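Quick look at what TrEMBL lists:
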type	residues	note
DOMAIN	35-257	domain 'Xylose isomerase-like TIM barrel'
ACT_SITE	E158	active site, proton donor/acceptor
ACT_SITE	E254	active site, proton donor/acceptor
Amino acid sequence: CIVPSRDDLVSMALKFAANISFTFLEHKNFLDRYQAAKGAGFKAVESGFPPDIPIEELSNARENAQIEQILMNAFDGGSQGLAAVPGREEEFKQCLELSIKYAEAVKCTRLHVLAGVFPEGVTSTDNKSVVLWEETYVKNMKYAAQRLEENGITLLVEPISTIPGYFLTNSQQAINLIKKVDHTNMKLLLDLFHHQRTTGNITQTLNDSMPYIGHIQISQVPSRNEPDLDGEINYPFVFHHIAKLGYKGWIGCEYHPRGTTLFLF
């Protein structure tokens, strides 16, 4: 597929952010990627939770690059998240507080909070376990949505297809849980790579889900590379459709570059 030109993207008023946990890895030092993204023409970045970096150094790197950080993953407690894990509610709150400190240090206003992974032997078809995990998730997310709102940070949740046993696997499940939490500060992070792998029907999903979407991420299926590659997703059509729906948020470029980072946008 052929990605629209820079002028086309500007005319569509779409905003793209580099994911510096996936791209610019030719810069081994995480902090250097802020300036690399800025030099490539990006006005914003997103990332996973930063590696073991002093918080002041992280803040200075972003500020010196004069680039916005619009999304960060919350600290996951070393286990792909704790939001749905029964019995670890206090750990979840501690991880959330640490994440808030890092988000505030880089003036980040969106935090992706991970749900967690079912223990070995438990699956999404184990109804008793699923009910308990859902109850835990809703309780923790009610707390997180309110706690983050107090700090001007939007809570994002993302269905993920690449982590075996992950609690949150598709956008409809996520939206159902967002409705149960019933807090305006909780939004869907729609990663089109994961969505295509699990559900497909991207156009209709965008139509139905737009009121819940707080962030979008892109990469090509099946290899999770740049969206200009041939693959399952017709990104020129998708970009035009997103613009047609009036989406004003950011689109995160969370892809594995084929080599060194390609400056598509």
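The backbone N, Cα and C atoms fix where each Cβ goes, and this holds for glycine too.
A quick note: this is a predicted structure, and the numbers were derived from the prediction, not measured.
Summed and averaged per residue, pLDDT over the domain 'Xylose isomerase-like TIM barrel' (35-257) gives 97.
Residue pair E158 (active site, proton donor/acceptor) / E254 (active site, proton donor/acceptor) shows a Cα separation of 13 Å.
Listed active-site residues: E158, E254. The one with the lowest count of other Cβ atoms within 10 Å of its Cβ is E158.
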